[in-house]
Amino acid sequence: MIHAEGLSKQFITKGQSRLAVDSLTLHIEQGEVFGFLGPNGAGKTTTVRMLCTLIAPSAGQGWVAGYPLGSQNERIRSSIGILTETPGLYAKLSAVENLTFFARLYGVQEVSKQIEKYLSLLGLWEKRQQPVGSFSKGMRQKLAIARALLHEPPILFLDEPTGGLDPESVKVVRQFIQQLRGEGRTIFICTHNLDEADRLCDRIGILQQRLIRIDTPAGLRQSLYGNSVTVRLASVTDKILAQVRSLPFIHAVQQAEQSLTLQVEDPPQNNPELIRALVTAGADIQFVEEHQQSLETVYFNLLAQAREGSRED
Amino acid sequence: MRISRRRVGAVVQKEWMEFRQSKSILWAMSVLPIILVLGIIGLNATLAQHAGSSPDDLGEIDIPAALSGLSPLAVFLVQLNDQMLVTLLTIAVALPAYIAASSIISEKQTKTLEPLLATPTSTLELLLGKALGAISPAVITTWLAYGLILVGLSVVTIPTVAAYAYRPAWLAAMLLLCPLMALLSVLCGLCISSRVNDPRVAQQIMAFLLLPLIFLGTGTVGGWLYISLPLVLLGVLILAMVDSGLFWLTVWLFRREVILTRWQ
């Protein structure tokens with residue numbers, strides 16, 4: 001559905017060159033919810049703009065909905081819906097007037113029916129004749145989502161869909177995204193919200209000019225650090241510690257009184273062997289508990305590693 | 001290059017809906033034409049009462065060859081009316097200039113430009129829609145005011161003088177020159193507004209477009225310029241060429257990427 005190969009964007013302003021996105025390669029399948037994470041200025045919005053044909057890549061190639069970037073831009077724009085960072089609605093016009101305008105631009109056949117469908121789904125039908133200028137931020141965001149869906153695009157780009165919304169609106173928007181996923185749409189979400197990415201996305205890409213890592217949320221936690229297992233024993237002896245440290249799948253051992261926190265490479269596979277080894281060393285096991293790294297920890301560590309890597313380069 | 005009438009129509013309709021909500025545009029559309037219509041009819045009604053006066057009462061005025069058979073008062077009224085009709089044409093320049101100069105800039109300022117550019121609408125369709133949306137209210141207002149002036153003059157002034165207000169030169173000016181002038185104004189506005197970030201800057205630059213009309217008006221009332229059909233047709237020809245060139249220049253200057261990425 002979305003495919004990019006070596007996509008790069010370089011901006012040149014007043015003789016100064018700035019590389020916003022560096023050799024981005026990714027593939028997103030149909031029906032996938034893909035989260036794009038990265039700090040401000042990492043190139044998320046620039047990537048979305050390139051994939052939405054709003055700006056041209058400096059290098060590389062891309063295909064969206066099967067159409068190549070550059071030569072089939074109009075077809076790509078007909079196949080996508082976009083929620084920009086700010087809703088971008090005409091404040092003097094009503095909700096219906098705003099949607100009617102965009103429905104006509106997208107060539108929607110049954111304009112009134114589509115407008116009613118999405119305004120009702122997002123709880124704005126009663127407010128349809130009110131000028132958008134009188135809407136709250138959450139209502140505007142919902143209206144902008146309705147606008148992105150009017151022409152039933154198979155691909156959606158959502159830039160900060162819940163940014164600045166109150167918890168109730170966040171819940172509505174997230175539920176709506178889940179519903180859209182159920183309809184088989186491909187959804188590309190740019191967000192700063194790690195919890196949101198964790199809950200909504202099938203895979204996550206972490207970007208800082210270049211794509212640092214791409215994986216499922218669970219895979220991200222797993223692949224980088226493994227998982228922590230805490231074992232509480234009746235007592236911790238040197239023999240037990242030596243036995244544990246000798247195991248090849250144990251990467252780190254931390255002792256706190258009677259507890260050992262162990263970095264295990266693959267807990268489901270390695271834990272039985274770990275427990276056998278502990279018992280062999282004479283340990284009386286009281287509890288075994290698995291801890292996963294939070295996505296936040298993974299995210300910040302990956303960014304820190306990327307920064308260090310770029311300094312070394 | 002295929003142009004979707006549906007999309008162009010949608011942009012025109014949206015522009016009109018926004019004008020409808022804009023008090024300043026509604027004021028500009030109504031006040032100046034009303035003042036001109038009342039002014040021209042009032043002056044003619046007052047001066048036509050002196051139709052029997054001797055030429056000395058009006059002093060020395062230049063009489064263009066095309067008006068040589070008329071009485072000095074009739075000549076004066078024709079020249080006055082011509083000058084007022086030239087002023088009427090300023091509506092066709094000033095109003096679209098005001099609208100167009102803020103058109104792209106306000107889309108950018110209100111952050112509506114990005115979702116708009118993400119639709120399948122081409123630059124050509126977008127600019128065509130914006131141009132037609134800005135031209136039509138001004139042209140329709142000018143034509144309405146001209147119609148009212150013709151009706152008023154036929155009632156209050158000397159019949160010979162009234163006839164000069166709908167001579168072929170003025171009909172051609174209103175039907176052809178007026179839309180072309182409005183288009184020139186809009187294209188300049190769109191061109192400038194896709195290059196500057198402040199609508200006031202664009203509107204100030206656009207004020208220079210009124211200079212040729214001020215020159216034309218001064219020449220008409222001074223008697224050294226007469227609005228003739230060849231003069232109007234020459235103007236139509238020049239403007240048609242300038243407008244078509246300017247239209248493609250505007251499309252070429254409208255760089256989506258630059259507008260989106262450099263205007264913060």
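Every residue number used here counts from 1 along the chain in the order it is shown.
In case you wondered, yes, glycine gets a Cβ from its N, Cα and C as well.
Automatic prediction, not curation, is the source of TrEMBL annotations.
Under the heading domain 'ABC-2 type transporter transmembrane', TrEMBL lists B:8-217.
Beyond its flanks by at least six residues, the transmembrane segment (B:24-43) meets 80-81, 84-85, 87-88, 90-91, 94-95, 98-99, 137-138, 141-142, 144-145, 148-149, 152-153, 156 of its own chain at Cβ-Cβ distances under 8 Å. Under the heading transmembrane segment, TrEMBL lists B:24-43 (among others).
Look at TrEMBL and you will find B:85-105 (among others) tagged as transmembrane segment.
Among the features that TrEMBL reports, transmembrane segment is placed at B:143-164 (among others). Remote same-chain partners of the transmembrane segment (B:143-164), defined as residues 6 or more beyond its termini with a Cβ less than 8 Å from a stretch Cβ, comprise 33, 36-37, 40-41, 44-45, 48, 51, 67, 70, 73-74, 77-78, 81-82, 84-85, 88, 91, 170, 174, 178.
Here the transmembrane segment (B:170-193) has Cβ contacts under 8 Å with residues 85, 89, 92-97, 99-105, 127, 130-131, 134-135, 138-139, 142-143, 146, 164, 199, 201-202, 205-206, 209, 227, 229, 232-233, 235-236, 239-240, 242-243, 246-247, 249-250, 253-254 of the same chain, all six or more residues outside its ends. Per TrEMBL, the feature transmembrane segment maps to B:170-193 (among others).
Residues 61-67, 79-80, 82-83, 85-87, 89-90, 93-94, 97-98, 101, 169-170, 173, 184-185, 188-189, 192, 196 of the same chain sit 6 or more residues outside the transmembrane segment (B:205-227) yet have a Cβ under 8 Å from a Cβ within it. The transmembrane segment annotation in TrEMBL covers B:205-227 (among others).
Residues annotated as transmembrane segment in TrEMBL: B:233-254 (among others).
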